[in-house]
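K.L.:
Dropping the structure in here first, questions after.
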Amino acid sequence: MTFFSHLRKAAIATAFVLGATAVHADEQYFPLQSYRVGPYAAGGTGFFGGFIDYLNLINIRDGGVNGVKLTWSEGETQYEVEKGVEVYERLKSNPGIAAWNPLSVGIAYAMIDRITDDKVPLITINHGRTDTTDGRVFPYVFPLLLNPYSETSGIVNYIASKEGGLDKLKGKKIVVLYHGSPYGKETIPIYELLSQKYGFELSQIEVPHPGNEQQAQWLTIRREHPDYVVLRGWGVMNPVALKTAQKTGFPADHIVGNVWSNSEEDVIPAGDAAKGYTAITTQASGEQYPVVQEIVKTVYGAGKGNLEDKSRIGSVYHNLGIVNGILNVEAVRIAQVKFGNRTLTGDEVRWGVEHLKLDPARVEALGAKDLFHSINVSWDNHEGDGYVTFQQWDGKKWNVVSDWIAPDWKLLRPIIEKSSEAYAKEKGLKIRTAEDAEAVVSN
Amino acid sequence: MAVQALDASRAPIDWQKFALPAVLIVVAYGLIPAYASSYLVEAILLPFLALSLAAVGLNLLTGYCGQLSLGSSAFMAVGAFAAYNFNLRVEGLPLAVTMILAGISAAGIGVVFGLPSLRLRGFYLAVSTLAAQFFVQWALTKFGWFSNDNPSGVISAPRMAVAGFSLDGATGRYLLSVTAVIALTALVWRLVNSATGRNFIAVRDNETAARVIGVPVLRTKLLAFAISSFIIGVAGVLWAFTYLRTVEPAGFNLDRSFQILFIIIIGGLASIRGAFLGAAFIVVFPLFLSRFGAFVFGGLFDSGVLDMSQRIVLGALIIIFLIAEPNGLSALFDRLKRRIGSRSS
């Protein structure tokens, strides 16, 4: 009976681990489905490093959120869906869970039903399923700051601003080079919609996964002679695209990267070919922002910094983790105002995220002015109107080259609602109202 | 001869033979639903059951019939997507029928990609089944119809019910899974002990000799592909509907095919028990190692270092097991049993 003895051992180990991490009163717990090994470790270590650094800052500097200490533990997922589910099942029995932050579309999808049953928020900052923006259908899922549709609209608005206005897009030619995966294909209809609306010529070219050979695609691009190429890449596809562009003579400063093509890890391997390349981001990189400085001083100063390689402090993924930390912690703080300074239930934190309104003044008070713009989440808008900015790579670091740009949310909302309503129908879900959102489960 | 064989089968019933299945059924339907924690069911038993079933299917093809296949996860994907589409497009189709139709769809694709087996053998056949792996994943991503034009191509599993009882809870999904696995395993067990099963083995051991004694080699090979793909297709439904509750083409990649192949190699080729032992080893053991590692060393190293060391330990254990018993865990298990038996007698 080796199998069952394994099971028993596993069960005993479970009991031990759970016992060891049991939280006392007035602690708020963050379960982290991190990925520090595997092909996406660069993103995982940066993001979860930044997130943990910010939680540490709040604990060390402020003694927690209004006296409620923040705790967390990690489970390695390697970005694989089934490992993410295993970690979810392992960590979910911990008391005082604030929110889940998997930073993986696949894992997030597998968790939607589960966290909805548990009534705990699932935060998918800058990514995730676009139609979860509709809080009427997805009460517990939050694609904060930017969903893929808004990203598309932001990129087109940026190109328009470079050309001198949306009306100047007419007759221009844009090529979208996308990763041959569900993620890569998600924005195809939105680019088409915007092309019809603004009258630019559009051609969308697929790069099969993983994208380490793109000669054919770039030769096609050279033939089509576009004004801009949008790079909707992933992993190794990004540096290869930049190198191949250089080889075929397409200028890097006319390539615009999306939110998964915007990190140091995407450009450094391309070397010189990446100079001048521009990419969208919701959070600027660099360590000059007061909150990043405080993390360097307080957290790394105390030897509690999470990044092993200190030169990655202030990188795109590290800053994304910090912004994610700010949003999580502020949601807890806002919920505390209503429910009291104590350990909150998942549903109370959900209420907090649905009232997460940080205007530029509040963002400045948090030491994050220019790091990110603002957020304005409501019970039915779970994205929160995030602004985007564009950074250009100079061969050593990213420099911000645009103002904060607003995507065209009004245009996108009906498409999102159509998709979420279809989902609700498929699943037999009731569309939530504002009153439903105010009903909060506190045990 | 025939009379003797008949007599042998009338020999006193070997109760020991029935004791183990009886205990398993009591545990599967009595103890686990009543006492198991949600972690045990959701994170261990559901993936274990789905992968065991896939391994039983592949073992039929590779272990019994000798046809090496690297397309298992493609057949799982076909099963999962077929079940999703039947459920979506045919109103009120009972869950059991959906699963059978999904299995039949996978069997159809399996036969198509099994055709090269009529001319190719061994590694060459493995490479040609690789085509199934790439083709299916490409087709499912390329044509939006398969995922109901969901913009991201990832679809969530529908609500499940049998005769009005919802199976959406952990226990419900577990019972569905375990019932499907037991039913199909029983079927395979019958099959390998039948004339068809002996044909499979004859084709594996010596194709020419099998042809000479009158085994219809062509039909036998295609039948093996069909039945094996049927079972793997149903395993795909279990994986997507009961375990992950989401279906995405990228989840059924080449790694999964290798994983299933390794399960039957480690567990033991041409052994149903081997499929279960191998799946237990591949699914449960890494989790146990990871929990143990986190418990003992959690404070000292970050999760990345721990995960890397677990891989090293797991890899070393696989090598040690296979050196100790090249025929897999199933044979190792038999040897242990014999040794304990001989000591006690």
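Positions of Cβ are set from backbone N, Cα and C atoms, glycine also.
When I checked TrEMBL for this same protein, it listed these features:
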- B:18-37: transmembrane segment (TRANSMEM)
- B:43-61: transmembrane segment (TRANSMEM)
- B:92-115: transmembrane segment (TRANSMEM)
- B:122-140: transmembrane segment (TRANSMEM)
- B:174-192: transmembrane segment (TRANSMEM)
- B:222-244: transmembrane segment (TRANSMEM)
- B:256-272: transmembrane segment (TRANSMEM)
- B:279-300: transmembrane segment (TRANSMEM)
- B:312-333: transmembrane segment (TRANSMEM)
K.L.:
Are there three or more C-beta pairs under 8 angstroms joining the transmembrane segment (B:18-37) and the transmembrane segment (B:174-192), sequence spacing 6 or more?
P.N.:
yes
K.L.:
Do at least three C-beta pairs under 8 angstroms join the transmembrane segment (B:222-244) to the transmembrane segment (B:92-115), pairs 6 or more apart in sequence?
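P.N.:
In contact, yes.
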K.L.:
Which stretch, B:43-61, B:92-115, B:312-333, tops the Cβ pairs under 8 Å count with the transmembrane segment (B:279-300)?
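P.N.:
Highest pair count goes to B:43-61.
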K.L.:
Six or more residues out from either end of the transmembrane segment (B:92-115), which same-chain residues have a Cβ under 8 Å from its Cβ atoms?
P.N.:
67, 71, 74-76, 78-80, 82-83, 86, 128-129, 131-132, 136, 160-162, 167, 176, 180, 221-222, 224-234, 236-237
